[in-house]
């Protein structure tokens, strides 16, 4: 059986810590979408690990780690992450169906961002997915055979010829790209496998599989705050599509949310706090992007968005992250509805323009940092947790009270 860990905000919810915390109970940890535009930070034995492509189970020797077919892969960045760890042979597997990000994709991404101003990381993620959908991309499996790779490169060079000048590709681009693959393909080849068959077989054998999403539900290309979204499907449903596991293989769906809200980049954010309180949350929560180092926009928990995300994913339980960041705040706000042009909205609309948050205020608490038992939390803290559970209709089974792995309350 497989369990899914999915972010139910705009990403950066703390999925890495949760996967790292529970990975010891699984045989496989699988990253199922996105690219190195996403980052997750794991603190293990006091050491901070910032990962972008590598599944979070890499710190557990018994875990097999898979990068599955809907992930887009920068082979250069993956090689750099591989070099951070030892003994990854037979522990890391990259789907032969996953698509490869090319330098051209990065150039195109930067060019488009100048005019669209979506707030992308300019890592080439979107253009790589574009080529995938146009059925013209290069896949990881193509790197296993030099002849096939050369054929794919010739098609690629022909396709981009009209755009070389626009995307600032120099005269040596073809030579440089061939040298790029000559450098990195041999390092990656030992890890490229048919992960779809591997996971189907593992599921049939009853092995435990943890499916790890990137970004968050509200950045989903179809169901998020379009056009300020990522280029992949970020909901739990995409875990099946990417891995080849059928929906009946899914057991628990664990939704990850912070005790407040953040967003990086542009796009609507109704509960954003632009007063010094927003700065307080940013500093207290160390809210700076793992990938871009950009400061995240911060605000109060948005239950309208949270209920929407839980419904989309079919969450069976929640993990509440960074509760300790709210320590010492006298009054804590929660967005319970929106007002838009005189109308009260309790459901999440496709367009958040003109949506103003309606808040409910709670008394704050002194301290929760480092607490590992529910009974040790102050009454006001427990009331805040209970309110979230009741409003969303999903039980909170895990609460994080610091970045450290052990500072976790299991319910």
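Cβ coordinates are placed from backbone N, Cα and C, and glycine is handled just like the others.
The GTP binding site annotation in Swiss-Prot covers 11-17, 39-41, 296, 322-324, 400-402, and the record cites sequence analysis as its basis. According to Swiss-Prot, the active site, proton acceptor annotation covers 12, on the basis of sequence analysis. The IMP binding site feature in Swiss-Prot is assigned to 12, 13, 14, 15, 37, 38, 39, 40, 121, 135, 215, 230, 294; the stated evidence is sequence analysis. Marked as Mg(2+) binding site by Swiss-Prot: 12, 39. Here Swiss-Prot flags 40 as active site, proton donor. Summarising the annotation, Swiss-Prot assigns substrate binding site to 290, 291, 292, 293, 294, 295, 296.
Structure with Swiss-Prot features highlighted.
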residue	record	contacts (Cβ under 8 Å, 6+ apart)
11	GTP binding site	38, 214, 215, 216, 219, 264
294	IMP binding site	264, 265, 288
295	substrate binding site	282, 287, 288, 289
401	GTP binding site	323, 324, 368, 369, 370, 371, 372, 407, 408, 409
Practice problem: Specify the count of other C-beta atoms within 10 Å of the C-beta of residue 293 (substrate binding site). | Solution: 8
Quiz item: Tell me, which recorded positions from 37, 40, 293, 296 are within 10 Å of residue 17 (GTP binding site) if we use the C-alpha atoms?
Solution: 40
Quiz item: Just counting, how many other CB atoms are there within 10 A of the CB of residue 39 (IMP binding site)?
Solution: 19
Quiz item: Can you tell me the three-state DSSP label for residue 17 (GTP binding site)?
Solution: helix
Exercise. Among 12, 37, 121, these being the recorded positions, pick the one whose CA is nearest to that of residue 296 (substrate binding site).
Key: 12
Quiz item: Quick one: what's DSSP say for residue 40 (active site, proton donor), helix, strand or coil?
Solution: strand
Quiz prompt | Lowest local Cβ density (other Cβ within 10 Å) among recorded positions: 12, 121, 215, 292, 323 | solution = 292
Quiz prompt | Cα within 10 Å of residue 14 (GTP binding site) - qualifying binding-site residues among 37, 121, 292, 293 | solution = none
